[in-house]
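Asker: Here it is, the structure, as structure tokens.
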């Protein structure tokens, strides 16, 4: 656990723990404070360096490398001689044995020596940690840290505050420089510090400060506590966490766990059959959770269900608790589940990890990812010949030409396009993508043929048989105009180029004779447009659908209803290819097109059945189908397809082409296998070694652990028969050749070196070793085994190199497939991961107990398959204790039959570099264990548990296992017990123990474990009593609990020693006795709730008080909430509540207080229907004294039960403990301070699945030129990039709202109207997979999804500026080119190149000559290998841009100029009509004396008037002015659209030196230049300040109040930028509401006006704002309202803030003022208020991740000090409380004003004590300023959730109080 987090939690507990803790639910005690002495254990350092010490490597029997025992579990060994420089593997062996795998148990440690060196090794037995002196330097013994303080005497560690006496010396048991000491600390308050050594010379206190203050610790109950000291940071902390005994409104995320790969958490592993029970468990910190529920979505029934879980126990060490639920399902389906965990007001969700791979999940504040569970038909199976087969995929045209007579059977391909015939078999396939490039010789048409045919395949059957192939998969072979045949022209015919039906039948027969099965490729989503069915080109007799359409009646064609043809002749086609018209889906399914369904499925000779039995002889037919783009065909079509082919060949393969998770296809009603592209991608990612795009997606390197996680994800999702029959491919006709993926391409001179080939083949062999050793059908793509390489389609379809094969590679494939075929264990043996670390991955396969994974009988056998991607040999030690017994021997069948054996629970294997091993157990070994013991009986005793069981046949001994919870966490406590009885005397009374037993035979074969047996050893409780009497006439009241109630217990041996008897549970029970006189007189009137059964006892824990003789005394109290008689008693148990002993029952009476007035009734609003939740809201009650709380009651038809209580300031509650389809009744009861109760009305609601309003928000690049569309698996818009156009929200945000069913799994992408404009990743790559989301109800039947698009396919580079044909002034000699391109792009601008290191904006300065300048910009990938050297992909990312910029000729001079004339004189002016002219003018200088002086020269050029300031006069005026602002008024210098003031640098310097601002005042605007406004290093001679009037803006939805003012500042000798904002004032006309007026700037990139802000001065008719850049500005009045705020109290402020773009609606028309606002939403509002821009998120908080819509806002707010988080979490999705909102608001107020917080202390609110201590003074200040106000009755409600209306009100208050509105 994170040490900092530990500290934070410790602090938070001490702050919040106010109640005295009750009886301890303790667990197994910690080990003794001082570790048990283990000197008898012999520890050896063993490894690859022992031979240098006169020993043999890995010798566990060595006496040379025995480590010296140093005490307290520490061992040490120093080499007697120096070890040579190099790298070594090592580990620790115990007692000269590998039992348990050594230390560490998984893998070896590495020692790297740069020079010859002595090395010291350390091993800690207690923590099982190992290190060496190259990695670790310990603190010297005399300086070891130790505890000093008042705690010393309490723990028996010397005298208080005396370091020289302290025996609490800390040790570094984990060798991580964190030292620790564990002690049993009695209850009490203590102070302590840590000293280094036995003096005060170096000591550390609170916060790790040297000589710092004492550290406080309050121990509320006796506890074993570990103290920690970090030698690097000097931080000091403990693991102390008070025992959780009640609700603390907190859940410890780090302790939550559910692991789908661990049978303890999910049993059984993987997919389950219908009606099979699956047990799901989740772990939490002990006593942390109030409740746990599971929420799951049924993918078939489309329903979400929530069910409660049961707490089943705790871990053996007492740290964790476990919750469980058992589920079963009566139909095949896919289940998506997550856990809902509650503790008081805190709710957490635990779902799958971010990668959604299963295994260990992740806790979040909101619903995140679901775990997946597949439930399949119990009769689902696959043919045995599929399981473990070796498959071979053939692209017929490129395999072999066996019949030359059909070579030219056709001459035309599609339409009238010719077929390009290749007479040279070794030609490369024509790639029309390369047309126009040097060396291209093709015809540019996608049709070329190499004459391969069915006869050719038949001729090569012997070759395939010799290769080990048992299944052939053929790409399509039916009549088609193309070479790939995925555009079928006639399903009833074999393509003439491939042969005849007779050739087909002969191939089938011949293959079957050789034991080879054949799978056909079926394409039933689309046909060819050049087919007998569509007949677009009229080449076929008969009337095709298109021909009939052309003739005006599509129905005239027998195929007319197969297609959708639009009135303009366009038609639905596959992914936009008009050559592939799609079969119509009628009412959601192609099967509903009757003629199509009959033709393919239903008819006697339907295509699905015919080719499995074409002539009545099954031997002449194919054996199954691979089905193209199956996920683009309705599923019910495939279920009918399955039923049809089952009538011909039962369970014939249906292999789905599905590139992702195909679990929904494998439920048992259709497909029974899938093309396992996931397997391919995982293997490539493990072996690739670099990021690489293979044309189908991006590959990124992973290690062995991630590989295992991914493969396990597939294993757990697929039904076992399907998993063992998956088509595990490394390549196909749709992917780059595997050798080329690994870096070799024979046709590419950059990739065809011998070294590249050798490396690629090594990686291919590695992949094949794992493929051939893994469950499933190992698929070989034709030619891979012969060394064929090639890029993506069409290059991956090269011809087989007959006569030029790589025979060495072929021999490898033959050998490896032979090993697979000859060893059944590699086909159907079970699967277990044995090793997954770094570069090495190893799996185990077993047939044990004479059965394989399917229960089929085979001889016992085992295999270990391992691959090593490292360039160095690896020796791995595999723990086999749970895999196989000792003594089993193996031979490595691919490495010279090297022998291995299991010894001491371990096998040590040498795995060669860049290679692997295939270990097969030697024949004849007995791996069959006895049956597990039965009839296990346990008897609980005092300090012991007795066990007995029945003898198992063949057993020679038994192992005894023990846990604290059923179903797992077992620890072996006894081995090889020879009797059938056992006494466990090593138990602690009062704890739960779970036992299980296994049987072992004489060889060591161990059975599975028996059923669990549970025991509770305990002391017998002899007596309970002395219950004290509560005083009668107890006055009712929320602050009037009973006096303490005492009782005593005696249990001999437990209570008669000093202190609390361990594991004793004491509880006080109390109940209201109805029917009393008080009840009839008062109760029903004042205190009761109608329909509630309160007749039972309520139990609360009692607290240990002390010893009374031999008895232990306990106490508790309660607060009666009804008037009348109450009964109470105490009960005790010391065996976990299995048995209780109770005292006698006593009673007392409760009487009314003076307050007999009931609260007013709350009104409960009718909730809307939601799925799996009920959202309640009510109007608050009032009371003459005060409301205490609200109680929520629920009934499902019977009595009402109280389900929750909320505070008096909360008026809403969400009940998620409901089941869809069940009707519930609710009421809310208001409770006042005397427990007077008033009920609300009753509402009735039935939660049910409802459509969810799903809001997709996407942030796109700011250069996005056109509309954005959402494409994916959406109903009625499947993968249509031109449908579902999104609404533009702002410059780079688009949104669309859809209605989708909850639980729907959506895959999607963003595009801009076509697939040529689809989104890309930051490298410009295709995304490896589609975006995925499960639709859930996030509240109010809504869901919001926030995404980011990084790039667009068609825009590899975008140039913001300059624009082409742009003209610039003559004084501009350089220009900035600003653009945006992808990461890794090589950008060249006018010959200068650079590589873009990140996706996004770049800038580059270019020099300008006078006249026309051509700026040439080129972009291309810097490293083509990142894109697989795919020329098509590289071409997409390559672009040239040329921009013309005209720099004006310098012919008018500068300053006074030779063409200027000047005159001087007071108040003189001259105007002229020439193109140039000059006038000396008087400019009005505003200062205290209001003097006027002549200060410059005016020149006019067209509409541009320039004033050049006289430096001497201007400086004098600046120096002499008494005002801070010196105004140069240029309104009187003449009429012109543009006015320019030239200011020399010495004028600017004078202004800066005198602290004066220069103000340029023009006709419609003024600009103030402060001394540090401009970047001084960019100013050489001075600046030109230009103010240009562009007239009235053309806008809609806004009221224009000013002209457009274009402000620029340029340098006389270069560009000038702003160093800080400058103040600009615009003249405006009168506004209807000045509060809604703001300045906007025009963004030329987006052609949009964007909000800036500003402050209106209505009296002067101006608005002033701070400009951060030069642009065109204008002032608008914007009046924004929403439909749902018409009657809302905050209508005015919401409209004002919306008009100022500070708050936004949930939609364009809905604000939702009463909806609670989240912390992230309020933070975003504050940022907009302060005009703080988002910043790129850098990962400060664990609950915020990059890509979240609020991530960059959180970053900006955090850096600005607006938010703080809680040290780890920002809690962005939590509803913000009123006190949290106030705190953030006041930080913003401080940034708006000069405000400093006063120390006021308490507020004047009536609920001041409810305000958190940290917030009270902040709230007091805010109230004093009038920024916040209380609610009615002077209540602030600090913990109440703030609404969106309240958020708007407080922000408006900030604006108003800071004078900004």
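Yeah, the Cβs are placed from backbone N, Cα and C, and that goes for glycine too.
According to Swiss-Prot, the protein carries these features:
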- 628: active site, nucleophile (ACT_SITE)
- 248, 250, 288, 343: Ca(2+) 1 binding site (BINDING)
- 401, 403, 406, 407, 453: Ca(2+) 2 binding site (BINDING)
- 526, 626, 733, 734, 793, 797: substrate binding site (BINDING)
- 1802-1861: domain 'SLH 3' (DOMAIN)
- 1448-1486: region 'Disordered' (REGION)
- 734: site 'Transition state stabilizer' (SITE)
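Help me picture where these features are in the structure shown.
Answerer: Of all the Cβ atoms in the protein chains shown, 20 others lie within 10 Å of the Cβ of residue 628 (active site, nucleophile). Residue 628 (active site, nucleophile) falls outside any helix or strand according to DSSP and counts as coil.
Secondary structure from DSSP puts residue 248 (Ca(2+) 1 binding site) in coil.
The Cβ of residue 403 (Ca(2+) 2 binding site) has 20 neighbouring Cβ atoms from other residues within 10 Å, across all protein chains displayed.
Here residue 733 (substrate binding site) comes close to 393, 395, 475, 484, 781, 793, 796, 797: these same-chain residues lie at least six apart in sequence, with C-beta atoms under 8 angstroms from its C-beta.
Proximity of residue 734 (substrate binding site) to non-local residues of its own chain (separation of 6 or more, Cβ distance below 8 Å) is seen for 696, 793, 796, given in sequence order. Residue 734 (substrate binding site) carries neither a helix nor a strand DSSP state and counts as coil.
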Asker: Considering Cα atoms only, can you say which of 403, 407, 453, 526, 628 is the nearest neighbour of residue 248 (Ca(2+) 1 binding site) among these recorded positions?
Answerer: 628
Asker: Can you check what DSSP calls residue 526 (substrate binding site), collapsed to helix, strand or coil?
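Answerer: DSSP assigns residue 526 (substrate binding site) to strand.
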Asker: Taking only the Cα atoms, work out how far residue 401 (Ca(2+) 2 binding site) lies from residue 526 (substrate binding site), in Å, as a whole number.
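Answerer: About 28 Å separates the two Cα atoms.
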Asker: Below 8 Å Cβ to Cβ and six or more residues apart, same chain only. Which residues does that give for residue 453 (Ca(2+) 2 binding site)?
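Answerer: For residue 453 (Ca(2+) 2 binding site), the qualifying residues are 396, 397, 400, 401, 402, 403, 406, 497, 498, 499, 503.
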Asker: Would you mind checking how many other C-beta atoms are within 10 angstroms of the C-beta on residue 626 (substrate binding site)?
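Answerer: Neighbour count, Cβ to Cβ under the 10 Å cut-off: 24.
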Asker: So what's the average pLDDT for the domain 'SLH 3' (1802-1861)?
Answerer: 86
Asker: Would you identify the secondary structure of residue 401 (Ca(2+) 2 binding site) according to DSSP, in three states?
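Answerer: It is coil.
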Asker: I want the residues beyond 401, 403, 406, 407, 453 whose C-beta is within 8 angstroms of the mean position of the Ca(2+) 2 site's C-beta atoms, in chain order.
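Answerer: Near the Ca(2+) 2 site, the remaining chain residues are 402, 404, 405, 409, 451, 452, 455, 456, 497, 498, 499.
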Asker: Counting other Cβ atoms within 10 Å, pick out the least crowded of the binding-site residues 343, 407, 793.
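Answerer: Relative to the other binding-site residues in 343, 407, 793, 407 has the fewest Cβ atoms within 10 Å.
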Asker: Could you say whether, by DSSP, residue 343 (Ca(2+) 1 binding site) belongs to a helix, a strand or a coil region?
Answerer: strand
Asker: For a quick check of packing: other C-beta atoms within 10 Å of the C-beta of residue 250 (Ca(2+) 1 binding site), how many?
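Answerer: 18, counting other Cβ atoms within 10 Å of residue 250 (Ca(2+) 1 binding site).
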Asker: Using C-alpha atoms, which one of the recorded positions 407, 526, 628 comes nearest to residue 250 (Ca(2+) 1 binding site)?
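Answerer: Minimum Cα distance from residue 250 (Ca(2+) 1 binding site) across 407, 526, 628 lands on 628.
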Asker: Measure from the CA atom of residue 626 (substrate binding site) to the CA atom of residue 407 (Ca(2+) 2 binding site) and give the result in Å, rounded to a whole number.
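Answerer: Checking the Cα atoms of residue 407 (Ca(2+) 2 binding site) and residue 626 (substrate binding site) gives a distance of 27 Å.
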Asker: Among all the protein chains here, how many other CB atoms are within 10 A of the CB of residue 288 (Ca(2+) 1 binding site)?
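Answerer: Cβ-Cβ neighbours of residue 288 (Ca(2+) 1 binding site) within 10 Å number 21.
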